[in-house]
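> Mind looking over this structure? Questions follow.
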């Protein structure tokens, strides 16, 4: 049903009021993608792109939206929040049922919470207790990825680039069995942006909320190791029984899951858990649709939930991370003093991932011990290996495709397809144009990255966008916005 211009105008005024009351950052996080879908007979339906946004807005902002709309239309009876594209992939075939599951021991349930900090990402199996039965050892070992006690919701720095993912993670951790689940919840971001922090915070908070809950946190590599070891030791059935009896499965670094048989077992596991209304949370360095090493049915199942991106932290978030890190360091050394001027400078200069920021702070701590009067110029010398002042950031075509697709609300698959509808052609041409002006890639190389197109197609797109932007101020502003987003988030 077409929406009247009157309803659109009312909606625009409501959005303006929302932004004024809540601030631009909160508005952008929760309401930036709202659209009025229908307005008739006192009922207004507002659409959002995900079930998570619908649930969050219903739970936190529906009364405010209704109040603001009633100021525009006293005849309003009801506001409904609906999902624009609520498609969900079902299972393609019934999976064979495993033998009845056995209950995991209390030791297994809480092995995570007692885990020590691991110096690296390669997990090692716990040392078996002398004299313990083989099956008991196996059950104890199933939760082999330890939690880092530093990774909690309280120590996570929230901001515009991760606010939605943070809210979803808290909702999952704090939900009861009857609560709305975002299932599976899929978090994706490049390295060092807080995925592992959020996943471990979910596990820790879930155990805190319900100590009897059965929580499994492990990396994809550890999952592969466990299954390979179980198959070698003829314990595969025992492992499957343990895993099917859990309440919350959390898998990190999904992009490393390799092997047809391992992927088959993983797909079978998440199908079983999801069909049993058990929560699954997964993280990777890219969206499910771009995990090309995964079998199509695994990608399909992961695509059936809520996928949320976490992007690079802004200045305020980086400064918050540094201040939190300093406060933690002062617990061990109360005399430690790093000025606000230095923290501000580092936050402005180190613009990459949280890991780079952590490395910069560790350098500061080390130098502070024998250079207490350290200067800004000296800091630039010390941190030269972390940042290069004036060095242009390298932008990848994949980053441009991802950010342009998100901006125009299309998928990367559509961007690379042969579809010729206007809603796809314009974003595709914009992405080709930006690939030409923001990367050193040749026209033939750009064409190959866009679904194997000929270089003349790319040249046509570049020239068309150049011509249009010269006469269309709106398009010129869009291109400038996209350039900033790409430079900030690539």
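Cβ atoms are placed via backbone N, Cα and C, with glycine included.
Straight from Swiss-Prot, here's the annotation block:
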type: BINDING; residues: 192, 194, 195, 196; note: ATP binding site
type: REGION; residues: 1-75; note: region 'Domain I, interacts with DnaA modulators'
type: REGION; residues: 75-145; note: region 'Domain II'
type: REGION; residues: 146-368; note: region 'Domain III, AAA+ region'
> Give the residue from the binding-site residues 192, 194 that has the most other Cβ atoms within 10 Å of its Cβ, counting over every protein chain displayed.
194
> Determine which residues of the same chain, besides 192, 194, 195, 196, have their CB within 8 A of the center of the CB atoms at the recorded ATP site, and list them by sequence.
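Everything else in range on the chain: 189, 191, 193, 197, 198, 283, 310, 353, 354.
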> Go through 195, 196, our binding-site residues, and report the one whose Cβ sees the most other Cβ atoms within 10 Å.
195
> Kindly report the helix/strand/coil residue split of the region 'Domain I, interacts with DnaA modulators' (1-75) according to DSSP, in that order.
47 helix, 12 strand, 16 coil
> Mean pLDDT for the region 'Domain II' (75-145), as a whole number?
43
> Kindly assign residue 192 (ATP binding site) to one of the three DSSP-derived states: helix, strand or coil.
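In three-state terms, residue 192 (ATP binding site) counts as coil.
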